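As recorded in Swiss-Prot, the features of this protein are as follows:
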- 11-152: domain 'RNase H type-1' (DOMAIN)
- ASP20, GLU58, ASP80: Mg(2+) 1 binding site (BINDING)
- ASP20, ASP144: Mg(2+) 2 binding site (BINDING)
- 137-161: region 'Disordered' (REGION)
Amino acid sequence: MSGALSEAGAGPRPVVIHTDGACSGNPGPGGWGAILKFGDTEKELKGGEAHTTNNRMELLAAISALEALTRPCTVDLYTDSQYVKNGIGSWIHNWKRNGWKTADKKPVKNVDLWQRLDAALKSHQVRWHWVKGHAGHDENERADQLARDGLTENRMKSRIG
């Protein structure tokens, strides 16, 4: 990330991130999208995987956005995923204390991504916000379109390759 977004940690204004994930079938091909804003500077990110789940794409959107920041930042991160919001807001603390096991002593699903998200958070002060998906929130709709674009582009690559 270059320009003003790399300078984001220097000022009191937060970096604002909007994320979304998409999946065609669950599991199936999926995509993720993120919009990062700092002042008047904006960056769009997207990607996808051939065989995944919606929850993995939601997590990867947040992870990819946070990993794109080049220095410690204050972040307002918006997601329409209750799974991500609840996981990071309450479940992860017990999972870590229990050796990445659930209350039922079962392995945490998507533990690789939860651990990666946990590591990405160490550099930043993140305030998490939940927004209702497909409810007319402009940035959430744009993140959703990026996720669908990531899904489509990945699906086309997997057919060609």
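Counting starts with 1 at the first residue shown.
Just so you know, glycine gets a Cβ as well, placed from its N, Cα and C.
Features recorded in Swiss-Prot, as mapped to the structure shown.
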residue: ASP20; record: Mg(2+) 1 binding site; Cβ within 10 Å: 33
residue: GLU58; record: Mg(2+) 1 binding site; Cβ within 10 Å: 28
residue: ASP80; record: Mg(2+) 1 binding site; Cβ within 10 Å: 22
residue: ASP144; record: Mg(2+) 2 binding site; Cβ within 10 Å: 21
Using Cα positions only, nearest of the binding-site residues to ASP144 (Mg(2+) 2 binding site) (ASP20, GLU58, ASP80): ASP20
Check: same-chain CB within 8 A of Mg(2+) 1 site center, minus ASP20, GLU58, ASP80: THR19, GLY21, MET57, ALA61, THR79, SER81, VAL84, GLY133, ASN140, ALA143, ASP144, ALA147
Helix, strand and coil counts within the domain 'RNase H type-1' (11-152) (DSSP): 57 helix, 46 strand, 39 coil
